[in-house]
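Annotated features, as they stand in TrEMBL:
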{"type": "TRANSMEM", "residues": "12-31", "note": "transmembrane segment"}
{"type": "TRANSMEM", "residues": "43-67", "note": "transmembrane segment"}
{"type": "TRANSMEM", "residues": "176-193", "note": "transmembrane segment"}
{"type": "TRANSMEM", "residues": "199-222", "note": "transmembrane segment"}
{"type": "TRANSMEM", "residues": "234-258", "note": "transmembrane segment"}
{"type": "TRANSMEM", "residues": "278-300", "note": "transmembrane segment"}
Amino acid sequence: LHSFLDSMLTKYIFLLVAPSLNASSTVAWIVGPSVGALLYKHIHHSAPAIVACCLFVLNSIIAAVFLPREEHNKNNSTSKNNTKSTAASKFTSFTSNLRSCFSSKSLASIVTSLLINYWVTRATSYASMASYYEEMYGIEPHQRGYLSSYQQFLSFLAQSMLVRPLLRFAGGERRAACLAALALSFATFSEIWSSLPIFVGVLCPIMSISVALLALSLRSLLTQVAPKDSIGSVLAALDVLQNAAAVTVPFYRTFLFAAMGTVSVDNGADLRGDPNPYTWLTSSTIHWLIASASLFFLLIRSAESKRSSSQEGKIKKL
């Protein structure tokens with residue numbers, strides 16, 4: 001969508017439109033789950049899926065009617081040659097972009113940290129576990145929608161008001177990223193014994209702030225360290241690497257679910273094979289502890305070693 005807007009709008013108009021698009025998507029993520037919960041509770045269990053299907057069809061119709069069509073004036077032989085050359089150029093562009101991600105040790109450590117955060121966040125997510133909240137806190141299925149809207153609202157507040165002051169308080173992006181990962185491991189571990197009021201009032205804000213702080217810190221470090229003339233190439237390669245990492249997550253979760261099934265079987269799960277929530281939280285805590293330790297060595301230790309080596313070089317010159 002953003003690439004299409006880039007091609008259709010001038011840079012000035014896009015800068016005016018982009019904030020409105022971001023604001024509308026934020027409102028949709030906050031309001032949408034609650035609307036789905038109301039439909040599920042007061043109309044029918046299948047009402048959210050039917051409404052979503054209708055919205056997708058409406059979106060397709062609007063796109064087909066109002067979006068401009070591309071003109072095809074070239075003959076078939078020219079288009080085939082262009083396809084071959086485009087495929088070759090895309091592969092060459094990808095390899096050059098990939099090399100730009102690892103052009104220096106500092107940039108490579110930040111890219112690796114971003115991939116670790118991306119992968120661990122998805123590998124430890126319990127959003128796809130059918131009866132997690134119901135087993136943990138005894139809530140009804142439709143109340144998950146209210147809880148999701150609340151979490152999205154907290155994330156919005158954290159991104160807009162709290163992240164930048166916390167960055168200054170932590171003493172920079174590198175320390176903030178490590179502290180945020182450590183806070184996520186602490187909050188995940190505390191969730192094992194938490195009640196619903198503690199989860200809603202204490203742990204949800206900690207998690208929302210930590211997730212926003214970690215993401216912003218790593219993105220800020222990437223823009224600071226990446227060469228200005230190749231920042232676009234780095235971001236493009238990072239997007240491909242994150243998609244590749246996302247492909248491995250379902251396979252890893254399948255292996256993890258099977259391993260947890262040998263330890264404890266959750267007979268109360270709505271979906272067969274879902275792990276016990278307490279076992280899953282213990283595993284997630286271990287994952288975030290390993291991630292925080294990895295971020296510490298990649299971000300802080302690597303920066304300290306680079307600083308000490310540069311100081312030794314200056315001393316030798318003197």
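Every residue gets a Cβ built from N, Cα and C, even glycine.
Note that TrEMBL annotation is computational and uncurated.
Sequence-remote contacts of a segment are chain residues at least 6 beyond its ends whose Cβ falls under 8 Å from one of its Cβ atoms, and for the transmembrane segment (199-222) they are 107, 110-111, 113-114, 117, 121, 136-137, 147, 150-151, 154-155, 157-159, 162-163, 166-167, 170, 173-174, 176-177, 179-181, 183-184, 186-187, 190-191, 234-235, 238, 299.
Beyond its flanks by at least six residues, the transmembrane segment (176-193) meets 113, 117, 124, 136, 166-167, 170, 199, 203, 206-207, 209-211, 213-214, 217-218, 221, 278, 281-282, 284-285, 288-289, 291-292, 295-296, 299-300 of its own chain at Cβ-Cβ distances under 8 Å.
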